[in-house]
Structure formats: C-alpha cells, structure tokens
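*Asks:* When I checked Swiss-Prot for this same protein, it listed these features:
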- Cys156-Cys224: disulfide bond (DISULFID)
- Cys157-Cys189: disulfide bond (DISULFID)
- Cys173-Cys183: disulfide bond (DISULFID)
- Cys190-Cys203: disulfide bond (DISULFID)
- Asn172: N-linked glycosylation site (CARBOHYD)
- 1-24: topological domain 'Cytoplasmic' (TOPO_DOM)
- 46-64: topological domain 'Extracellular' (TOPO_DOM)
- 86-96: topological domain 'Cytoplasmic' (TOPO_DOM)
- 118-235: topological domain 'Extracellular' (TOPO_DOM)
- 257-283: topological domain 'Cytoplasmic' (TOPO_DOM)
- 25-45: transmembrane segment (TRANSMEM)
- 65-85: transmembrane segment (TRANSMEM)
- 97-117: transmembrane segment (TRANSMEM)
- 236-256: transmembrane segment (TRANSMEM)
Amino acid sequence: MARRPGAPAAYGEDFSFVSPLVKYLLFFFNMLFWVISMVMVAVGVYARLMKHEEAALACLAVDPAILLIVVGILMFLLTFCGCIGSLRENICLLQTFSLCLTVVFLLQLAAGVLGFVFSDKVRGKVSEIINNAIVHYRDDLDLQNLIDFGQKEFSCCGGISYKDWSLNMYFNCSEDNPSRERCSVPYSCCLPTPNQAVINTMCGQGMQALDYLEASKVIYTNGCIDRLVNWIHSNLFVLGGVALGLAIPQLVGIMLSMILVSQIKDQIKLQLYNQQHRADPWY
C-alpha cells in the first residue's frame, strides 16, 4: 500500500512514545513528596489544635506550625498535579506541575541572590522577626522551645544583645512590671555549668540590670543575629551543598515532566496519524 510522501513511518498498534520509566519515575518521585506534605500538614494541624485559642491567635505570624501547614499544603497541591498528571498522562496537569516547580526554583534562586546583594535589609528583616518572636516568647510553647534551642545552639541571647529581652512583657525592666522574671533573661541564655544534673531555670534572674562585663560571667551577651551571620560565613560550603540538594530534585522534576509532556504529544500525533491512515488508505 502506498504511503503519502512526508507522512510518518508506520508503527505497530502497541507502540508508544511514552516511556514507562519516565512516567513511573515521575509518579513515585511525586508520591514520596506527596506523603511528606501530608505528614507536614498533619503535624502542623495537630500542633495548632494543642494550643490554647488565645495563644494561637496572639503569635499567628511567628508560629512554626502555621509555616509547616502552609508549606505542606503548597507541596501537596504541587505534587498532586505531578502524581495524577504522570499517572493519567494529563498534559495540563504536567505543565502546571512543571511551571509551578520552575517558579518555585526561580523564586528560591532570586531570594538567594537578593539576600546576598541586599544583606543589610535582610539583616534588618531578620532582626524584626526575632524581636517579634521575643515579644511572644511566653505565648507559644513551640516558639519558646525554638528560641531556647537557637540561643543554646548558637550561644547567644536576644537579637542584638541580651537586653532585647526587655521587649517581652514578662522580662521587661520597667518599675511597674509585677512579673517575677522582671529584668531577667530565659535560662537558655545562661552559660553551661559543668556536671550540672538539673537545669537552673532561674539562672538568668536580674541579668538585664547588670552591665555587659558582669552579665557575661553568667550568660551569653552576644546577640543571635551576629552569631547567625558568623555561622553562615563559616559554613558556606555546607549551605551550598544543602541548596544544591534542594535544587536537584526540583530540576529533576522539571526535566522529567517536560520529557513526559513531549512524549505524550508525540503519542497523540501518532494516534491521530493512525486514525487518518485507517480512514484513508492512501494517506
């Protein structure tokens, strides 16, 4: 039977341009992160439900649980498009997945570049976030544990200095403050005591009333912002490796989805050609 010049070569009925390897690799790739996203949302929702209503509303902007829920929901929606799109060979869902993942990757890249170029503004924003967290230190147990962990890990106290704790109503040094913690700092600011079996939670009592030299004998007096900046400078290669580790899965997801979309389009063209070929033997 003659074939019209320029028409595609004939393929068997069982032939498919869509590679099962690419299809199911993309599916299981998204399934893994889909499960992770559901766990993140579940943990975030559980953490929110365990808090008192007043505390939950007071520190909404600096609540780690909210961040966990938001990131989890966005990841869930994104990986849903990837999972269903690859399994059902749906071009629309796959292109949505690829586009969103590309936007996320570019936003991360832009944030890194802008953070490096406008480091002073980033420093000011970080200081604002830390001060806001200090204000709500006693309002949220998760936030309190996060701050305590950060101060102990980086051997620091407050944002700029230990006196930043006056921003908190319980640690404020004003004369009319009835709190027993007036002019104090949290125990996580205290220097570690060797062979101490029980943590002295009152070790920071009255530390804000002391000058820098006197306070430095008992607590960390350096602010956490400077410590954080120094830590970043000392661990640039490690942070670069982490950034690369985050970028590679995103680039792999973008690449696999684009390859699969191209294969699906070729398969659609083949099906259309076969239909026309059966309808017109001279095609």
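In case you wondered, yes, glycine gets a Cβ from its N, Cα and C as well.
What you are looking at is a predicted structure, and each value in this text was computed from that prediction instead of being measured.
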*Asks:* Give me the DSSP three-state residue breakdown of the topological domain 'Extracellular' (118-235), ordered helix, strand, coil.
*Replies:* 58 helix, 4 strand, 56 coil
*Asks:* Within the chain of Cys157 (disulfide bond), which residues six or more apart in sequence place their C-beta under 8 angstroms from its C-beta?
*Replies:* Gln151, Trp165, Val185, Ser188, Cys189, Ile219, Tyr220, Thr221, Asn222, Gly223, Cys224
*Asks:* Which residue counts does DSSP yield for the topological domain 'Cytoplasmic' (86-96) in the helix, strand and coil classes, in that order?
*Replies:* 9 helix, 0 strand, 2 coil
*Asks:* Going by C-alpha positions, which of the disulfide-bonded residues (Cys156, Cys190, Cys203) is nearest Cys183 (disulfide bond)?
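*Replies:* Out of the listed candidates, the nearest Cα belongs to Cys203.
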*Asks:* Give the sequence-ordered list of residues that share a chain with Cys203 (disulfide bond), lie 6 or more positions from it, and have CB atoms under 8 Å from its CB.
*Replies:* Tyr187, Cys190, Val218, Ile219
*Asks:* Any idea what the Cα distance is from Cys156 (disulfide bond) over to the residue listed as 'N-linked glycosylation site', rounded to a whole Å?
*Replies:* 19
*Asks:* Please list residues from the chain of Cys173 (disulfide bond) whose Cβ is under 8 angstroms from its Cβ, counting only those at least six apart in sequence.
*Replies:* Ser166, Arg182, Cys183, Gln208, Ala209
